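What follows is a single structure, written as structure tokens, with notes after it.
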């Protein structure tokens, strides 16, 4: 008997996204779709445990820039522009008002912009991640070891730093990275230089080995002593160490949209992984709940995915 042709999981993933994300994102979906299908661009996370000044100079000569330090400046420029436009609209709407009334309206608009400034200021840290400008497909050279054998930067998707920045780690914080492997976010957390202790956990023993490799390649021994690496089921963490951490990062397993449309290996849209994919929101919810239970009273939890799916994002939170 004839068998149906095998459909590659990448095509299944793209069809699934076309059906669902086109409804969710509407006119934005074609450009997002093109982005998913483009070759991935990396950022270079500088390793503060290695001499980095010459590395930063080298990257700047290549026209790369540190997007972390640039972000507050861009946000402030956007806020000033928006405030000016709002003030202009207020001016046109209130021609019949007295000058005093117009001044009050403009002052209120500027105050709103100024109130947003702390949001920019909060995105400050020792983290430096260099990226090339939009449209520039230059590739970073491989990382090089310094005199002590520590590599000078770590190549990763720059967007992966956003959850770490959102966590806003403060000096002495006890931090949990609940789903830590392969280690990019754990390394970024250590780059802040302020973690009192960092627990890095991942249920996969093979992925945890990769995490160990990253730590040994980038972090000196004395800093590694503040890191504990475990291979527990993250869903049980609230029972293991409940109410312990000031900051918890819950970067959950997900459909990993870019990987799903680009890579055949280990693709969650493979037919044999259908049930696993369908159960992802439940797993994500359980991990989030465990992260919340592991947090001290008044602590903070950041939940993140590599997916655009509302089922794996908003619906899990709600």
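Glycine is treated like the rest: Cβ placed from N, Cα and C.
The range from 36-69, 70-103, 104-137 that TrEMBL describes as region 'Disordered' is residues 70-103. Of all residue pairs in the S-adenosyl-L-methionine-binding list (179, 180, 181, 182, 183, 184, 185, 202, 233, 251), the one with the greatest Cα separation is 20 Å apart.
Scoring each of the recorded positions (179, 306) by how many neighbouring Cβ atoms lie within 10 Å, the top position goes to 179.
Around residue 185 (S-adenosyl-L-methionine binding site), a 10 Å sphere centred on its CB holds 25 further CB atoms from the protein chains shown. In this structure, the C-alpha atom of residue 179 (S-adenosyl-L-methionine binding site) lies 13 angstrom from that of residue 306 (active site, nucleophile). In this structure, the binding-site residues 181, 183, 233 were compared by how many other Cβ atoms lie within 10 Å of their Cβ, and the smallest count belongs to 233. Rounded to a whole number, the C-alpha distance linking residue 185 (S-adenosyl-L-methionine binding site) with residue 306 (active site, nucleophile) is 13 angstrom.
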